[in-house]
Amino acid sequence: MRTRWTEAQKEATEKDVLPSWHATRKRRRVLAGAGGAAIAMVWSGTVVSWNLAPSDTAMYWTISLLVLAVLIALPVITVLNAATRGTVSLAERDLDERQVAERLRAHAVAHRAMLVLLAVVVVAVLGVPGDRGTFIPMAAIVMGVVSLFLTHLLMPVLVAGWRQPDPPPDDEETA
Amino acid sequence: MPVKAGSKAGKEKADKENVHNRIAVLRAERGVSRRELATALGVHYQTIGYLERGEYSPSLHLALRIAGFFEVPVEVVFSLEPFPRLGST
């Protein structure tokens with residue numbers, strides 16, 4: 001059953017939010033890069049917490065990086081969702097076959113990238129010197145989980161935005 | 001399988017599996033806008049644009065529905081060989 005929320009979501013993706021921000025492929029790729037930088041900031045927070053927590057320095061740096069990442073990620077994701085017309089955010093029943101194919105491609109690439117990232121995390125964690133009694137700050141574990149969650153959540157839309165070719169002009173615009 | 005041209009590999013694949021079409025010509029001839037055609041076919045209007053630009057090859061189902069919309073055989077709309085230019089012999 002179609003809810004009012006999904007209808008509103010679909011309408012929102014058809015609105016041209018900040019069209020100049022995503023008018024060209026280069027700009028969309030800059031946005032995707034900014035989204036990637038936001039994800040990197042959250043991971044930096046994890047590294048800071050791992051090395052400096054528990055301390056005030058760790059807390060201030062981690063919170064600052066997290067807030068900055070959210071401030072960058074929110075507009076980036078909103079604009080990329082508008083640019084891709086909700087290819088990765090709408091329900092599959094609201095997409096046509098081209099959009100479904102693009103969504104599957106974006107998810108496949110994001111899945112591969114996530115797999116590489118997980119491998120890097122495993123190597124990094126196993127490479128930490130110490131034994132079973134090594135102290136790991138709880139803040140670092142929490143930030144690590146948050147980083148994984150955000151990366152998993154944002155990667156598909158960043159990939160879709162990066163891959164999106166320039167859309168054909170609307171025939172109403174060209175008339 | 002539908003092919004979306006995006007990456008270099010995607011473009012090479014699309015070149016190999018390129019399906020030429022006359023959607024833009026038929027649309028202009030019948031005075032149908034992209035949005036009207038998209039609405040009739042139940043696809044996004046940008047998909048019609050990508051089809052016309054040859055950046056997306058439709059599924060057999062969509063190809064048959066496009067041909068059905070214009071009431072012509074599917075080979076009138078789609079071809080593996082480029083269509084001759086209008087006026088050429």
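Quick reminder: no glycine exception, Cβ is built from N, Cα and C everywhere.
Quick look at what TrEMBL annotates:
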| type | residues | note |
| --- | --- | --- |
| TRANSMEM | A:30-52 | transmembrane segment |
| TRANSMEM | A:58-83 | transmembrane segment |
| TRANSMEM | A:104-128 | transmembrane segment |
| TRANSMEM | A:134-155 | transmembrane segment |
Contacting positions for the transmembrane segment (A:30-52) when only residues 6+ beyond its ends and CB under 8 Å are counted:
21-22, 58, 61-62, 65-66, 68-70, 72-73, 76-77, 79-80, 83, 136-137, 139-140, 142-144, 146-147, 150-151, 154-155, 157-159, 161-162
Distal contacts, the transmembrane segment (A:58-83) - CB-CB under 8 A, six or more residues away:
12-13, 15-18, 21-22, 28, 31-32, 34-35, 37-39, 41-42, 44-45, 48-49, 51-52, 89, 137, 139, 143, 146, 150, 154, 157-158, 160-161, 164
Mind checking which residues reach the transmembrane segment (A:104-128)? Cβ under 8 Å, same chain, six or more beyond either end.
87-88, 134, 144, 148, 151-152, 155-160, 163
